[in-house]
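Asker: First the structure, then my questions, so here it is.
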Amino acid sequence: MHSPPALGKVNMSQLQDNFGRRFHYLRLSITDACNFKCTYCLPDGYQSQGNSPFLSLSEIELLLGAFSQMGTQKVRITGGEPSLRKDFIDIIGLAANTPNIKTVATTTNGYRLAKNAQAWYDAGLRRINVSIDSLDPKMFYQITGENRFDQVMRGVDAALESGFERVKINAVLLKGLNSQDLPRFLHWIKHMPVDLRFIELMETGLGREYFKAHHLAGTQVKQQLIRDGWQLDKADILDGPAQNFSHSDYQGRIGLIMPYEKNFCVSCNRLRVSAKGQLHLCLFTENGVNLKDLLQDKSQTPELMARLQQQLGFKTAAHSLHQGITGVTTHLASIGG
């Protein structure tokens, strides 16, 4: 059992675990709610879990202040669907104005993007990931349960026009559903300056049968890209475990997130906080650690920072997905993926 470091004596300059990994990147979920019904995430739609409220604006401010003092440079605002929060734009502004935070990003299903891209950018958002699992409108509907393909694509155009530093498209690899879409995606990014991210399907507590039916190894896509002349790019400190590829004939780039590949966790650089204030050292840990009790007053910040540093002592070297251990993650919307 690790003893908590003494307040006032712990080195608060950098979040670092026992394996030498430094954590520059916070993924902050602000809601579990989502208006899409993606088959790999919320096939039955969003169902509220209990009465515990989501983090308030003041709690988020204190949380970001503590993380930023401990080396966090990038914050990604996630959900659920983060734009469902009425104060979403205020949260963007809060993150953007937090000292030491260099990059504010979000991941969205894109249904509000066309109308709000410029306002979000003006508030301080600089990077955006849009979930588009298929470029076939019929398959898009089959996967998401929403007939909003054209609306989401207009949102991507609006994001590019608004001046975002980077626009990424997230597509979960699904055998038998979108697994034949690679040529269509490649054709699209030939003249589109976006980063296309193929994400290998991960097993969750409520999705074991779905995983067995639709899991497609990302290594298959990687091998095809290499055969087609795509080159592996040098990793950036904030990239984490993603493998990024570029090709001289394409404006867009491709990223692969392959959690089942050997050494995936070696370059882990992120921590997660759920919408209800639980710290998760890994997407697939057994338990979250409550932080909300230390987000009530600024005077609690030293104790909050000490708790964060203490908990990193419990972070394991790697997840246990290969053993079918998915931890507390019943579905990806619960923590933000």
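Using N, Cα and C of the backbone, Cβ positions are placed for all residues, glycine too.
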Asker: For the GTP site, Swiss-Prot lists ARG27, ARG76, THR107, ARG270, LEU271, ARG272; sort out which one of LYS168, LYS175, LYS190 goes with them.
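Answerer: Swiss-Prot lists ARG27, ARG76, THR107, ARG270, LEU271, ARG272 binding GTP, and from LYS168, LYS175, LYS190 it also lists LYS168.
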Asker: CYS265, CYS268 show up in Swiss-Prot as binding [4Fe-4S] cluster 2; which entry in CYS41, CYS282 does that record put in the same site?
Answerer: CYS282
Asker: Return the member of ARG76, GLY80, THR107, LYS168, LEU271 nearest to CYS34 ([4Fe-4S] cluster 1 binding site) in space, with distance defined Cα to Cα and candidates limited to these binding-site residues.
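Answerer: Its closest listed neighbour, by Cα, is GLY80.
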Asker: Find the shortest Cα-Cα separation between CYS41 ([4Fe-4S] cluster 1 binding site) and the binding-site residues SER131, MET202, ARG272, CYS282, and name the residue that gives it.
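Answerer: Comparing Cα positions, the candidate nearest CYS41 ([4Fe-4S] cluster 1 binding site) turns out to be MET202.
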Asker: For the S-adenosyl-L-methionine binding residues given in the record (TYR40, GLY80, SER131, MET202), what is the largest pairwise C-alpha separation in angstrom?
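Answerer: It comes out at 17 Å between the most distant Cα atoms.
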Asker: Given the binding-site residues GLY80, MET202, CYS268, CYS282, which one's Cα is the least distant from that of THR107 (GTP binding site)?
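Answerer: If we rank GLY80, MET202, CYS268, CYS282 by Cα distance to THR107 (GTP binding site), first place goes to GLY80.
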Asker: Taking the residues ARG27, ARG76, THR107, LYS168, ARG270, LEU271, ARG272 listed for GTP, what is the greatest CA to CA distance in Å, to the nearest whole number?
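Answerer: Greatest Cα-Cα span of the listed binding residues: 20 Å.
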